[in-house]
């Protein structure tokens with residue numbers, strides 16, 4: 001079931017990416033998260049004020065995709081005005097609940113993006129969220145690293161997933177997604 005949903009989302013994302021501009025649809029994955037993190041804090045994406053959330057799954061020991069993606073987001077927001085920057089937030093969700101605490105995850109993501117939030121949940125909650133987002137995660141044979149999907153999930157003010165940004169997409173796709181969704185010009 002999850003594999004079929006994930007495959008459908010991939011095909012839909014590919015088809016949407018064939019256009020010349022940034023296009024949005026309501027995807028049947030992702031959305032609001034209401035859970036308690038490992039520090040005992042209640043988390044609800046709907047309670048966040050920013051109209052656009054960029055949700056990314058990773059882990060603080062990631063050697064490649066996570067730092068590269070966060071650096072790409074940082075580069076993508078450089079041309080934004082202060083007002084535009086106030087209309088989105090990056091939510092980094094750890095896929096390594098054993099090693100990543102809420103504090104280390106937040107410290108990690110804020111190295112790249114100071115206004116971001118890092119979240120770490122119990123293993124059970126993490127697995128539920130991964131399923132909700134149809135995110136792929138597999139612990140590698142070394143037992144320390146993870147193979148994981150590298151999509152950025154773009155959520156609108158109603159916390160509906162409106163776009164999946166691929167790691168191979170240009171930083172301009174990120175910039176335009178923030179601008180268009182935060183301005184409600186879709």
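Note that Cβ sites are derived from N, Cα and C of the backbone, with glycine treated the same way.
Going by TrEMBL, these are the annotated features:
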- 62, 66, 148: Cu cation binding site (BINDING)
- 62-66: disulfide bond (DISULFID)
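Annotation for residue 66 (Cu cation binding site): same-chain Cβ neighbours under 8 Å, separated by at least 6 residues, are 56, 58, 59, 60.
Neighbouring residues of the recorded Cu cation site, listed in sequence order and excluding 62, 66, 148, comprise 57, 58, 59, 64, 65, 69, 95, 146, 150 (Cβ within 8 Å of the Cβ centroid).
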